Structures are given as C-alpha cells and as structure tokens.
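Taken from TrEMBL, the feature transmembrane segment applies to 12-31, 238-265, 288-314, 326-346, 366-388, 400-428, 448-481, 488-509. Annotated region 'Disordered' per TrEMBL: 100-121, in sequence order. Residues or ranges marked as domain 'CAAX prenyl protease 2/Lysostaphin resistance protein A-like' in TrEMBL: 413-500.
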Amino acid sequence: MGENTFWQIFKRLVLVFLTILTAVNIAASLIQSLNQPQVQSRLELYQTNLILQAAEFQGDGNTDVAKIRTALLGENLYQTAQKQYKQALQTAQTHQKTLQARSREFVNSPKNEASREQEQQWRRELQETTRFVDEIELKIGILQAQQGKTEKALETWDNLIESPQESAVAPMTALVRSLWSASSLVPANAEETLMQNLKGWFRDRALHQLYQVQQNDRSLFTLQAREQTIARQAVLKLAIVSIIPTIGGFLGVGLLLFLLIQLAIQKEKSLLATHHNLTWDTPWDLEVIWQVFIVGFFFIGQFILPTFFGFLGLEPTGFSLRQKALFVLSSYLLMAIGGFLVLYFSLKPFFPLPKDWFRFKWLDKWALWGFGGYLIAIPLVVIVSLVNQQFWQGQGGSNPILFLALQAQDTVALAIFFFTASIAAPVFEEVIFRGFLLPSLTRYMPLWGAIGVSSLVFAIAHLSFSEVLPLATLGIILGIVYARSRNLLASILLHSLWNSGTLLSLFILGS
C-alpha cells in the first residue's frame, strides 16, 4: 500500500468520524429547538404594544384622524391585543412546562460539571420564562380593565397574587390591582414603582388610572401630552415595520407575476429561466465538497470554537448586551476565517480554477438582480412563514441573534449586530453555499436540484426546525439569483438586504 493510498484512507476515516460527530450534534440541536420558543411570538407582542401606543393618537381632534386610525388599527383594538397576549401566554406556558420537566429530571440524574452548568442555565431560563408568563398575565389584566371589564381584571390579578408559586411580579400586581379597586389604598410611592416596573402603553395606562384616583390633574395633563408625542412616533414606526414591507410585498408579487408570464411566453430566453442544462466545470469530486462542509463549516462552528472559548473561560450568559454582540461577531469572524482556510486548501490542488467560479463582477447588473430578488423574497418568505407558524404554534426555536437584537437599544451593540448579520454573514454564507456548494453539486445533478439541495443545507445549518421552510425558500431565491447572474455580489446584496430589513424591524419594535 502506497503512502498516498494510506493517507487517502486515513483522511476518509477521519471525515467519517467527524461526519458522525457533526450529524449527532446537528440532530441534537434540531431536537432541542423543538422545545424552544420562536422569536415570532415576542415580535407580535412588541408590534401589539406599538399598535396600542399608536391608538392613543388624537391628532387635532379631526374626525378624519379617528377614521384613519380605526381603518389602520381596527375597531376591536384592545380585544385583539388581549387575544394576542393570550396566545403568547399559551406559548410561554408550554415552554415553561418543558423547562420544569427538565429541572425535575436533573434532580434524579448523576451530576458532573457539565451537567451542573446545564442545570444552572436551564434554571435561569426557567426563572426568566416564569417571570415573562407572570408579566403577560399582569398586562392581560390591564387590557381587561381598559375594556371596562374591571371585575375580570381583578380576578386575573388575584389569581396571579394568590398563586401557590411565589411570583416575582406579585407586589407589582398588587399595586396595579389597588388602582382599579375602590376598597384598596394606593401606596405613596406608587408613581415611582410604576415608572420603574412597567413600560410603554401599560405603564401609561396604570399612571393614567393613578392620577385619576389621586385627582392629580396636572400630572394627568402632562401624561396625556407625552402620550400624544409617543403616539406620533409609534405611528411612524408602524409605517416603517408594516407599510413599507407591505409596499415591497406588492411590488414583489407584481414582479413575480411579470417574470412568470415572461417565462411562460419566452421560456429559455426569459429572465427567470435557470438554464437547467448549464453547469459549472467542476474538477473536484464529492469528497472535496464533503470535506469543506464537514470540516470548514460544521465542525469548526460546533466543536472547535466552543472548545476554544471554553478553554478561555468565556461564558456569554453573564455578559452584557454589548459584550454578547462582540462575542457573536468574534465567533462568526473566527468561523469565517476557518471556513475560508479549509475552502482554500481544499481547492488549492485545482488552481487555477475554471471560469465562472467565485465571480465578483462589479461592472454588471448585480444590484438589479439583488434588489429584484429581495422584492420577490418578501411575499414568498412571508407566506411560507405564516403557514409555518400555524404548524409550529410558536415552538421550534429561532436564531438567538434575533432575541439579542430585539433588546439592542445600545447603538454600539446594534452596529455590531448589523455588521455581523448584514455584512459578515452574507459574504461568508454566500461564498460557501452559493459560490461553492451550489456549483459543485451541478456535477452530480441538474441545476434545479443543486439549488434545492444547497438551499436545504443552508436552512438546516441554522439549527432551528421552525426556520427550515422559510430559510429554504429564501435559499432557493438566492440560488436562482446567483445561477442567473453568475455573480456573488447579487446574492450577497439580496442576503444583506434581507438581514438588514429584519434587524431594522427588530430595532424599531424593541424601541
């Protein structure tokens, strides 16, 4: 047996071993995501809060303003908001029960350092989820009181206060209850407590009730003036997160219909034709593709980097938001550097590469392809996401960056998240998935098959079951844009626009 043959066998055995490790870890992460809440339920609550604030806008007393407000926000506004909060409550309670079951399992299981750290992490998550559940119930009571259902609101608050499990928000709930109960005394520090513990529309409703009980007309007038300022801002924010994407969606539907009609009439000469018989000249085999993805993408991201950060003693759960943003950016940059190095050394024996590989053509129509693809992605991904949401019912996990970005009111942290999601991620992922994987697969399957397989791998790589269908849909659009433009700048632009739009919406809703 020659040295080269021995090396090939050894390398393949290592790849098989790493593949098994990676597959087990991917499966475990996907299974774990089944019991994780989606960020979508939180987003819907944030948008509901924004709608509640916008509903306070009175304009100059013009009846047209009231009609427009009703047309945009609906007549049964508070009832709709209450329904939204109850849906979020059910989702959070489901996650809470899952965490409680895990905590009970740990009590009877053997302990080691890793399991103790996992137990502490789940206990922290359980505490946060329990507090979130209690806060939702408190807010549901305020919504009931706003609709004139005072007795129902008092009952909701009483159930929370008298819960056998001591609630962290019970003192706050008792204070809010006293504002709507004629027989209760309002504490002297009520205003300060409300300002510190409630936010947005719910804080203002509680303060409004407090000032009425205290007959504090001056503070009530100041509050109402501030509410109008906030309401104007809320209307603008709603326009950005709702109306602008809606316009983009309509443009996307129109563009998609035009392209489909053109495809039916002109067929292979149309813009949408992917020329399924056209392939890239691929000198490497499936083993190289396997090596790049197992070692350069999954193994580095799932094993090497966590081990490296563990060796350094870095535990992001205790970090501030800005530190978490830097940690996410550092992780991604290190993963990208490692991935590019593996890609480079895997393809080095085949240099110079054939024509059309990893093309960045600046003097081309890549901006039109990227922006057009983004417009088409809006309605398609939204429709798939809505159907997907009905299936998963708020479970299935989400990208953890989304939860962090939702809290990011720190300009520096937001800038770091923006660079990570809108620049670093599109460049790295498009080079790997569209620049390398998609063309490489055309050696073994038609172009449409390569687009489909690369899109599925792209979706699974995000390790959230609930995101597989929406991300696969986005991946297909990215694949078609790259296949037609033969320019990585086009798919990078589309990817960047998508992530930027998501981040902008998260920042506005979180504010």
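The backbone N, Cα and C atoms fix where each Cβ goes, and this holds for glycine too.
TrEMBL labels come from automatic prediction, so no person has curated them.
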Grab the same-chain neighbours of the transmembrane segment (12-31) for me: Cβ-Cβ under 8 Å, and only residues 6 or more beyond its ends, written as numbers and ranges.
287, 290-291, 294-295, 298-299, 302-303, 460, 463-465
DSSP-derived helix, strand and coil totals, residue by residue, for the domain 'CAAX prenyl protease 2/Lysostaphin resistance protein A-like' (413-500):
77 helix, 0 strand, 11 coil
Are the transmembrane segment (238-265) and the transmembrane segment (326-346) close, by which I mean at least 3 Cβ pairs under 8 Å that are 6+ residues apart in sequence?
no
Could you tell me the mean pLDDT the prediction assigns to the domain 'CAAX prenyl protease 2/Lysostaphin resistance protein A-like' (413-500)?
92
Close approaches to the transmembrane segment (288-314) from elsewhere in its chain (Cβ under 8 angstroms; 6 or more beyond its ends):
15, 18-19, 21-22, 25-26, 29, 327, 331, 334-335, 338-343, 346-347, 432, 436-437, 440-441, 457, 461
